[in-house]
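What TrEMBL annotates here:
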- Arg44, Ser52, Lys169, Gly170, Arg171, Pro172, His173: 3'-phosphoadenylyl sulfate binding site (BINDING)
- Cys152-Cys164: disulfide bond (DISULFID)
- 33-189: domain 'Sulfotransferase' (DOMAIN)
Amino acid sequence: RSLMPRTLEGQITMEKTPSYFVTKEAPRRIYNMSRDTKLIVVVRNPVTRAISDYTQTLSKNPAIPSFQALAFKNVSTGLIDTSWSAVRIGIYAKHLDNWLQYFPLSKFLFVSGERLVSDPAGEMGRVQDFLGLKKVVTDKHFYFNETKGFPCLKKPEGGSKPRCLGKSKGRPHPKIDVQVVQRLREFYRPFNMKFYQMTGQDFGWD
């Protein structure tokens, strides 16, 4: 709380830390700080998310083992290693379960990472509605950057340069064996189905 700016009447203070969603102690701590907190969770296909996570680590440390070596406990049996954070983070149903011990579903907005790319204005419209804000951000604020493969934010009144995501976003992913990807898809499918049921939202990952 002491790290937050003072929030005046009619203002909203926002804070973003991806690890909150997967940290066991976070829901209780946030609930004890303010049980009225609204929670926004951006999720994407857990298979793509794991590969993206690996790509990020690989860029910082090119000497790490292959994706396959890290993803499997045992390649011949196809046993997935859930202790590897890149895999564990994508088991969204398990993490949400932990949060629902403290917060009702009505306090959550689940944003689709895929739709954030294909329809940024639509997803931002849902965010603004959820937060009770006027719909200020619309499709006129975005344009699609072909090179990055992501939407960029136009600056108002044609001022300074558009705001695009940094170098760490849109990196080409290493080629992963099709069978490895298929095995991961199978692994996540029941967790995805449970997550769809829990949220009442089908994210279309299967």
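Keep in mind that glycine also has a Cβ here, set from the backbone N, Cα and C atoms.
Known features from TrEMBL, placed on the structure.
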residue: Arg44; record: 3'-phosphoadenylyl sulfate binding site; contacts (Cβ under 8 Å, 6+ apart): Ser112, Gly113, Glu114
residue: Ser52; record: 3'-phosphoadenylyl sulfate binding site; contacts (Cβ under 8 Å, 6+ apart): His173
residue: Cys152; record: disulfide bond; contacts (Cβ under 8 Å, 6+ apart): Phe142, Tyr143, Phe144, Asn145, Pro162, Arg163, Cys164, Leu165
residue: Arg171; record: 3'-phosphoadenylyl sulfate binding site; contacts (Cβ under 8 Å, 6+ apart): Thr55, Gln56, Ser59
residue: Pro172; record: 3'-phosphoadenylyl sulfate binding site; contacts (Cβ under 8 Å, 6+ apart): Thr55
In the structure shown, with every protein chain counted, which of the recorded positions Cys164, His173 has the densest set of Cβ atoms within 10 angstroms of its Cβ? Cys164
Averaged over the domain 'Sulfotransferase' (33-189), the pLDDT of the predicted model comes to 90
